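Working notes for the structure below.
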Amino acid sequence: MEVKTIMLLFQILAISTLKQGSAHVPDGYVEENVALRGRATQSAQLRGEHAALAHASNAIDGNRDSNYHHGSCTHTEGANPWWRVDLLQVYTIASVTITNRGDCCGERISGARILIGNSLENNGINNPQCSVIGSLATGETRTFHCPQPMIGRYVTVYLPKIESLQLCEVEVNALLPVN
């Protein structure tokens, strides 16, 4: 436990030297997609004919293919949907990269919030906000930088409206010390 605490303190020290809004990776650190190591879940999975293609884990499979029917995207149902990855440990997160669905419905993601923190209260929706997806073109991949690096275990994408949430890839870019 001591080693983890010391590493976390070094990460906090490193990020405290960053300017707010900076995308700079501090010396001695690298950015790595830690979502690949995590476990994904979502508010409700699409039902019906294409339900087998809609699993939450599809958004962290390392595949940016934006065609839903190729089996690498997730799809929710219901009002105010959310998708979440449990990173299984706490990381210092600089940004989140999202790949939007490309074969249709790209406008649905508009207004989604990217939330990062250590709480599962309200399914992670009460965690601090990293960014808001104002709009994202159909099939587009874009990186959303947090105003400053954030510390958290859970990354939630929450869509506060009556619409389905469809994500083809979610990459959580954490700052890791170079070994």
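Cβ atoms are placed via backbone N, Cα and C, with glycine included.
Since the structure is predicted, the reported quantities are computational estimates derived from the model, not experimental observations.
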Further binder of Ca(2+) named by Swiss-Prot next to N58, D61, N63, C168, E169, taken from the candidates S43, S72:
S72
If you measure from the Cα of C73 (disulfide bond), which of the binding-site residues D61, N63, R101, R108, C168 is the nearest?
C168
Just how many other Cβ atoms lie inside 10 Å of the Cβ on C168 (Ca(2+) binding site)?
26
Within 10 Å of each Cβ, count the other Cβ atoms and name the one among the binding-site residues D61, E169 with the highest count.
E169
Maximum Cα-Cα separation (Å), residues H75, R101, R108 listed as binding alpha-L-fucose:
11
Got a sec? Which of these disulfide-bonded residues, C73, C105, has the most Cβ atoms within 10 Å?
C73
